Amino acid sequence: MGRGPWDAGPSRRLLPLLLLLGLARGAAGAPGPDGLDVCATCHEHATCQQREGKKICICNYGFVGNGRTQCVDKNECQFGATLVCGNHTSCHNTPGGFYCICLEGYRATNNNKTFIPNDGTFCTDIDECEVSGLCRHGGRCVNTHGSFECYCMDGYLPRNGPEPFHPTTDATSCTEIDCGTPPEVPDGYIIGNYTSSLGSQVRYACREGFFSVPEDTVSSCTGLGTWESPKLHCQEINCGNPPEMRHAILVGNHSSRLGGVARYVCQEGFESPGGKITSVCTEKGTWRESTLTCTEILTKINDVSLFNDTCVRWQINSRRINPKISYVISIKGQRLDPMESVREETVNLTTDSRTPEVCLALYPGTNYTVNISTAPPRRSMPAVIGFQTAEVDLLEDDGSFNISIFNETCLKLNRRSRKVGSEHMYQFTVLGQRWYLANFSHATSFNFTTREQVPVVCLDLYPTTDYTVNVTLLRSPKRHSVQITIATPPAVKQTISNISGFNETCLRWRSIKTADMEEMYLFHIWGQRWYQKEFAQEMTFNISSSSRDPEVCLDLRPGTNYNVSLRALSSELPVVISLTTQITEPPLPEVEFFTVHRGPLPRLRLRKAKEKNGPISSYQVLVLPLALQSTFSCDSEGASSFFSNASDADGYVAAELLAKDVPDDAMEIPIGDRLYYGEYYNAPLKRGSDYCIILRITSEWNKVRRHSCAVWAQVKDSSLMLLQMAGVGLGSLAVVIILTFLSFSAV
């Protein structure tokens with residue numbers, strides 16, 4: 001609001017003017033010669049007055065002159081509207097007077113269109129905002145001195161122009177904020193309905209099979225007309241390795257994802273009466289353990305009987321279908337001749353028959369006690385049978401014999417001899433092969449001479465090998481032969497030693513075996529990354545080698561922790577070694593290249609890189625002189641911030657973003673927006689200079705750092721950005737206002 005027209009300042013300035021007018025009027029009223037009718041000579045704009053006994057002509061108010069020959073209009077407005085009428089006015093001169101009018105946006109305090117300030121009337125500001133709807137739909141009116149401005153209300157954005165605006169001169173209008181469709185969350189979905197107006201919220205949830213750590217699941221529509229970036233990160237549920245079950249082993253392949261089923265079978269000697277044992281991966285990322293357990297089986301051996309004089313048969317009552325059971329058969333024999341010693345031996349038998357039977361190599365004319373029980377870990381109540389073998393004709397000797405196997409690689413030869421203590425010679429021919437090694441062959445041949453009636457020969461056989469053993473009785477008219485097959489089990493001792501890694505992905509080890517004997521090795525490799533939960537690499541393969549010191553190089557991914565299980569197929573015992581591969585250069589940035597010549601640089605679009613070769617640590621935007629592009633090394637660490645840059649010839653880091661701060665879709669980075677990105681200032685480009693803008697991706701893990709770079713843009717003869725020009729314009733306007741203020745203050 002302005003001050004009244006008769007403030008102290010203007011009144012002091014009018015005082016000399018009034019004194020001057022008084023002097024002029026006094027001069028016009030001087031008396032004339034005696035006898036002259038002075039009043040008749042007064043000017044038409046003068047008045048005759050009687051003063052001190054004399055008549056004088058005085059110009060009327062608003063005129064100046066001698067009152068008789070001259071009374072001219074006095075232009076009161078020549079001293080300025082502010083001095084005459086007051087602030088926010090325009091002065092209008094009239095014959096013999098003047099009147100004042102308030103400027104647009106102001107009104108006179110006497111509520112008339114014109115006024116004379118001598119009654120105290122002055123101009124006061126009009127509050128245009130009292131008129132509703134002045135700024136149209138969505139607009140908010142703000143009163144100013146002599147005018148008003150329009151701004152958009154909360155929930156609205158200006159369209160077709162900036163704020164503030166004037167509805168009569170500007171095309172700007174206010175439109176309701178509409179954020180549109182909310183952003184998508186990978187592997188997530190929006191819960192319920194939503195609106196897209198200011199302040200609206202949408203809630204996200206992970207789809208089945210995925211979960212998120214406790215984070216904000218809400219995205220809001222902001223005043224910028226965009227949705228907040230969702231912070232929900234859905235990760236696939238992975239329950240890891242299934243739990244161990246007492247007296248059970250895990251069988252088959254299983255999935256660690258939601259709904260994956262791990263299946264177990266009970267160990268030898270145990271069973272699950274309630275059914276199959278399974279464990280299921282739940283939505284909590286944990287395994288739901290089975291309520292069923294493996295209980296010990298107590299095998300009952302019934303109905304033991306003798307047949308063919310030396311063969312024994314029995315029955316079992318196991319509830320399992322086709323149970324493969326190992327038996328221990330203890331034999332104790334006493335010849336009818338009390339002078340002969342007691343003979344004891346043990347025979348092992350493995351079979352899945354419910355009515356097992358075994359033929360024993362027994363002496364004739366001997367009392368035997370046979371004890372049958374199951375081998376550990378299976379338990380049973382032992383069964384016992386006693387019997388006597390029949391006598392034979394000592395003169396009968398046809399050279400026939402039979403063979404029984406015990407302790408896996410030992411043979412017992414039983415021949416009816418004409419004479420106790422007679423010498424016999426046997427020829428052994430042994431040939432071993434492995435089904436999984438086409439070139440493997442173990443052959444040996446030897447003679448064995450003995451005087452024992454039931455000699456025992458233990459063979460030196462390789463594990464996990466199928467052997468054919470042919471035994472021929474020499475020095476016999478009929479040269480009787482017996483052929484048997486032996487399948488040796490895997491070795492119970494370790495056959496691999498001194499395993500070590502070299503060249504990051506290669507292994508070497510020492511094989512404990514006979515020289516030049518081919519062996520097959522089974523590899524099971526499992527790779528994981530702590531920084532990439534969804535990553536899982538599993539490999540299974542085998543190799544064959546006859547070397548005592550085999551070596552193999554593996555096809556491993558960079559930046560990964562591996563567990564390698566190595567087992568020789570001839571052994572049951574694997575060895576496990578851990579390997580860690582170092583990271584390599586991250587994938588090249590996916591950028592859209594720009595070349596700009598004397599124009600503003602468009603916003604650069606940053607896309608998130610995939611963590612293929614190691615964890616992504618950060619993204620950097622580097623601004624270099626164009627001349628340095630050909631010599632720039634991506635691995636260089638010399639680039640500094642803009643303010644610590646020693647010379648214009650050096651490059652600087654304009655922005656640095658941590659990988660976790662880069663959205664999954666993309667984000668835009670305007671070059672030269674005068675903002676800080678991390679610790680780095682994004683400075684405007686210098687006018688008239690040539691620049692090269694580079695995007696650098698950094699991967700860091702295990703104290704190793706790798707980079708990859710891509711040229712984002714080339715800027716030649718750079719001009720000021722729109723943002724810079726706006727800043728300069730506002731700065732210039734501020735200077736003009738300050739100088740004008742100082743000029744008025746000095747008056």
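From the backbone N, Cα and C atoms, a Cβ is placed for every residue, glycine too.
Residues or ranges marked as disulfide bond by Swiss-Prot on the basis of similarity to another entry: CYS39-CYS48, CYS42-CYS57, CYS59-CYS71, CYS77-CYS91, CYS85-CYS100, CYS129-CYS141, CYS135-CYS150, CYS179-CYS221, CYS206-CYS234, CYS239-CYS281, CYS266-CYS294. According to Swiss-Prot, the feature domain 'EGF-like 1' maps to 35-72, an assignment based on sequence analysis. Taken from Swiss-Prot, the feature domain 'Sushi 1' applies to 177-236. Marked as domain 'Sushi 2' by Swiss-Prot on the basis of sequence analysis: 237-296. Among the features that Swiss-Prot reports, N-linked glycosylation site is placed at ASN87, ASN112, ASN193, ASN253, ASN348, ASN367, ASN563. Annotation comment: Swiss-Prot describes 1-29 as signal peptide, evidence class sequence analysis. Under the heading topological domain 'Extracellular', Swiss-Prot lists 30-721. Annotation source Swiss-Prot lists topological domain 'Cytoplasmic' at 743-747. Among the features that Swiss-Prot reports, transmembrane segment is placed at 722-742, with the record citing sequence analysis.
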* Over all shown protein chains, what is the count of other CB atoms within 10 A of the CB belonging to CYS100 (disulfide bond)? -> 23
* Structure fact -> In this structure, the one of the glycosylation sites ASN193, ASN253 whose CB has the fewest other CB atoms within 10 Å is ASN193
* Asked: Do you see any of the recorded positions CYS57, CYS141, CYS234, ASN367 whose C-alpha is within 10 Å of CYS150 (disulfide bond), and which ones?
  -> CYS141
* Asked: Minimum Cβ neighbour count within 10 Å among the disulfide-bonded residues CYS57, CYS91, CYS129, CYS239, CYS294: which residue?
  -> CYS129
* Would you kindly give the Cα-Cα distance separating CYS100 (disulfide bond) and CYS239 (disulfide bond), rounded to the nearest Å? => 89
* Asked: Which of the three DSSP states, helix, strand or coil, fits CYS129 (disulfide bond)?
  -> helix
* Asked: disulfide-bonded residues CYS48, CYS91, CYS135, CYS281: which have a Cα within 10 Å of CYS100 (disulfide bond)?
  -> CYS91
* Spatial neighbours, same chain, of CYS39 (disulfide bond) - Cβ under 8 Å, 6+ residues apart -> CYS48, LYS55, CYS57
* Structure fact -> Per DSSP (three-state), CYS77 (disulfide bond) is helix
* With DSSP as the yardstick, break the domain 'Sushi 2' (237-296) down into helix, strand and coil residue counts. => 0 helix, 21 strand, 39 coil
* Can you see whether DSSP assigns CYS48 (disulfide bond) to helix, strand or coil? => strand
* Asked: Could you state the CA-to-CA distance between CYS179 (disulfide bond) and CYS294 (disulfide bond) to the nearest Å?
  -> 60
* Asked: Can you tell me the three-state DSSP label for ASN563 (N-linked glycosylation site)?
  -> strand
* Could you tell me the mean pLDDT over the domain 'Sushi 2' (237-296), as a whole number? => 84
* By DSSP, how many residues in the domain 'Sushi 1' (177-236) are helix, how many strand, and how many coil? -> 0 helix, 19 strand, 41 coil
* To do: Cα within 10 Å of CYS129 (disulfide bond) is the criterion; apply it to the recorded positions CYS135, ASN348, ASN563 and give the hits in sequence order.
  => CYS135
